[in-house]
Ligand code: CP
C-alpha cells in the first residue's frame, strides 16, 4: 500500500505533490462509497479519534465527524466553550487527558497559528490541523483542489483567483501552496489593506481590480471577510467593500467566458458574494462540502497507516 510521507497533516506546506495525488485517488474511492446505499466501510474500526475544537466551526467539524463515522472509527468530540479550558487547563494537559483515554488521532481547530505543530511535538498521536488561526487549513485546500479537478478534469494549468480577505485567511495560504504544488497559476485579489505585504514572494500574481481578476481566471475562490479577526478598520464599510469587491451576476455577465465560483463558507451573502452567484449554475460551493467528507476520509485513512 502507498503511504503518505508524513504522520501528521499540519499544513499543505509539509505535503509532497505525490501525497496530494494519493489523497485524491483515495478520496475518489471514498466518494464512490458515500454515494452507495450503505455508506460505511470498516477501515478504521479499531481507531479512536478525538475532534477538539477551540474555535467555532460548522462545516469542518461535521465533515470530520461524518468522515470518521463512515470509516467506522470511534469518535469523541470536545469543544472548548463547555470544557475545563474555561477553568484554566493548558492545551497539553487537555490533550494528554484525552489521550489517556486511548485516543489514536486528534483533529484540532485552534485560534493560535502553530498550535497543531506544538501538539505534534508533545504527544504521540496522529494530528490533523482543522484550521489554526490565520496560518493553514489543509483539508479545506485539499477539498477545494479536489473539487476543481472534478469540475475541470485537472488542476495543472488552471488559473485560480483567490478574492477577498487574504490577510486573515488560512484558506488562502493553504490554497496557494496546494494549487502551486499541483501546477495551477494563482492570483490573489482584494483591497491593498487585505493583501499581506509578503504575498508576491509566494509566486502569486497580485491584482486589485476584481473585474480583471475574474476576466483572467478559470476559477474564482471568493473568501469571507473575517470581521472577527479584524482589530482595526481595513475598508470604510461593508457596503463599500461589496460595491468594489463583491462578486455578483452583473460582473459575471460582463465576462467573455464562463468561470467556476467557489467559496469555503460560511458566506456573508451580499458582502463578498451575492446570492445570484452563490446559488447559480456557476457555483460549486455545495460540491465542495460534499467532497470534504470524501477528502477527509482519505486523509484519516492514510494517516492511520503511518505510525
Ligand atoms: N470552511 C470552514 O472551515 O467552515 P467552518 O468554519 O464552518 O468549519
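Note: Cβ is positioned from N, Cα and C throughout, glycine not excepted.
Nobody curates TrEMBL annotations by hand; they come from automatic prediction.
So that you can see what the record holds, here are the features copied from TrEMBL:
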- 7-150: domain 'Aspartate/ornithine carbamoyltransferase carbamoyl-P binding' (DOMAIN)
- 59, 60, 109, 137, 140, 265, 266: carbamoyl phosphate binding site (BINDING)
- 87, 170, 224: L-aspartate binding site (BINDING)
- 157-303: domain 'Aspartate/ornithine carbamoyltransferase Asp/Orn-binding' (DOMAIN)
Ask   = In the same chain, which residues outside the set 59, 60, 109, 137, 140, 265, 266 have their CB within 8 A of the centroid of the CB atoms that define the carbamoyl phosphate site?
value = 57, 58, 130, 131, 171, 264
Key: Same-chain residues at least 6 apart in sequence whose Cβ lies under 8 Å from residue 266 (carbamoyl phosphate binding site)   = 58, 59, 224
Ask   = Of all the binding-site residues given, namely 109, 137, 140, 265, which is spatially nearest to residue 87 (L-aspartate binding site) at the Cα level?
value = 109
Key: Around the Cβ of residue 87 (L-aspartate binding site), the count of other Cβ atoms that are within 10 Å   = 6
Task = Measuring CB to CB from residue 137 (carbamoyl phosphate binding site), give everything in the same chain under 8 Å that is also at least six residues away in sequence.
result = 60, 129, 130, 131, 170, 171, 174, 264
Remark   = Looking only at the domain 'Aspartate/ornithine carbamoyltransferase carbamoyl-P binding' (7-150), mean pLDDT returns 94
Chain-internal residues near residue 265 (carbamoyl phosphate binding site), provided their CB is under 8 angstroms and they sit 6+ positions away = 58, 59, 224, 285, 288, 289
Note = With neighbours defined as other CB atoms within 10 A, the best-packed of the binding-site residues 59, 109, 170, 224 is 109
Ask   = What does DSSP say about residue 109 (carbamoyl phosphate binding site): helix, strand or coil?
value = strand
Query = When the Cβ positions of the binding-site residues 59, 60, 109, 170 are compared with the atoms of ligand 1, which fall under 6 Å?
reply = 59, 60
Note = For residue 140 (carbamoyl phosphate binding site), the nonlocal same-chain Cβ neighbours (under 8 Å, six or more residues apart) come out as 60, 131, 170, 171, 174, 175, 264, 292
Ask   = Over the residue list 59, 60, 109, 137, 140, 265, 266, recorded for carbamoyl phosphate, what is the maximum interresidue Cα distance in Å?
value = 16
